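Just below is one structure, and these are the notes that go with it.
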Amino acid sequence: MDLQTGMVLGRGQGWSVTILMSFPCRFIYRSRTMSILKIHAREIFDSRGNPTVEVDLYTKKGLFRAAVPSGASTGIYEALELRDNDKTRYMGKGVSKAVENINKTIAPALVSKDVSVIEQGKIDKLMLDMDGTENKSKFGANAILGVSLAVCKAGAAEKGVPLYRHIADLAVVIPLGNKLAMQEFMILPVGASTFKEAMRIGAEVYHNLKNVIKEKYGKDATNVGDEGGFAPNILENKEALELLKNAIAKAGYTDKIVIGMDVAASEFYKGGKYDLDFKSPDDPSRYISPDQLADLYRSFVKDYPVVSIEDPFDQDDWEAWTKFTASTSIQVVGDDLTVTNPKRIAKGVAEKSCNCLLLKVNQIGSVTESLQACKMAQSNGWGVMVSHRSGETEDTFIADLVVGLCTGQIKTGAPCRSERLAKYNQLLRIEEELGDKARFAGQNFRHPI
């Protein structure tokens, strides 16, 4: 198994973990399987106190539950997250329409079809065909995904295998985070030999970072953001890198850790240029060109152990993406650029715009399409990083997803908030279950298979 951990400064959005699990063989299921007996959806709350969709799915094996995450900085090409827009209720953020779409339309249709829960692709296609829109705007991606995730969990139980192994079967995998412009800074403990060791390294650096920030900026500066990362009020991105470098040294892991960044450049893209001080009053004289921004990234790579940069340019600044990726050997991750969408990924491959896909299941809206996006990226030589969202729940699906797909990388927040730690704790359980069959990617996080 292969793990990489990351922590966050800036908006506090999570550390990154690289994980690879290998399995002895592909599981083949031949016996009679169960269909869906009942589906019921409800509104619950995510980690930011906003409503989200939870789905209960029943078979003769029992109850299977899934909850849908929600992003804060979302790409404009993501599948539609259906909100009620009723300002008298949850400030317009309610999801009762998505819940109703499940309970009154999707649920009766799937129950009546008598389709087996192990037929993930067939069930997802039924929902997509019923929706009939390219961006899932009829039912809402949050409605379709909630059911899709619950079906996947039920399918694993029906086959009597762990969820990560069922995902591997579905994918046909052959086993073997103020004022900073840049959204998050992460650590990757590639020098660890196991996931358990990587978690210890990450946690120790996190606590050292807290002390470093407290000593320099005061106790109030150690408040955490949506994803558990620290968000001290600093202006310079290099200052954030220095803080991280100092914390890593104090923890004694300089030789075991490298650094990743999520820039989220679409947030400060203005008329063809970039405003690194966009959180202050607007001043066009300080905007910089894509080439100047690329030079800044190259200086980070030269002066610090930065090995991965996510969303370095705006989601439609294709030329800048392609030019930068061609000029560097580091991992260049597409999130807002690709939004887990096969059409965007295909364009990215054709234009050589990046070399790694950030995989977010709620960007595309179903398990089947997420697996297709992953396979498309991997078949073209890209890395794949599975990611959480800022509005998370205690659902641990993505922990099994990263292992089942053998992607080698997961980003799911700092070791601080329970909705983030739920994923890491699930990975610890999976590593323990796999025993000597588990492999840690370490330095091979970009191409673990």
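Positions of Cβ are set from backbone N, Cα and C atoms, glycine also.
Residues annotated as active site, proton donor in TrEMBL: Glu227.
Positions annotated as active site, proton acceptor by TrEMBL: Lys360. In this structure, Lys360 (active site, proton acceptor) belongs to neither helix nor strand by DSSP; it is coil.
All chains included, 29 other C-beta atoms sit within 10 angstroms of the C-beta of Asp335 (Mg(2+) binding site). Under DSSP, Asp335 (Mg(2+) binding site) is assigned to coil, being neither helix nor strand in the three-state scheme. Positions annotated as Mg(2+) binding site by TrEMBL: Asp262, Glu310, Asp335.
Marked as domain 'Enolase N-terminal' by TrEMBL: 36-167.
Summarising the annotation, TrEMBL assigns domain 'Enolase C-terminal TIM barrel' to 171-448.
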Nonlocal neighbours by CB distance (under 8 Å) for Glu310 (Mg(2+) binding site), same chain, sequence gap 6 or more: Gly260, Met261, Asp262, Val263, Ala264, Val333, Gly334, Asp335, Leu358, Met385
Per-region confidence, the domain 'Enolase C-terminal TIM barrel' (171-448) (mean pLDDT, whole number): 88
Where Glu310 (Mg(2+) binding site) sits in the secondary structure, as DSSP reduces it to three classes: strand
Among Asp262, Lys360, the most crowded of the recorded positions [Cβ within 10 Å]: Asp262
Secondary structure content of the domain 'Enolase N-terminal' (36-167), with strand meaning DSSP E or B: 57 helix, 25 strand, 50 coil
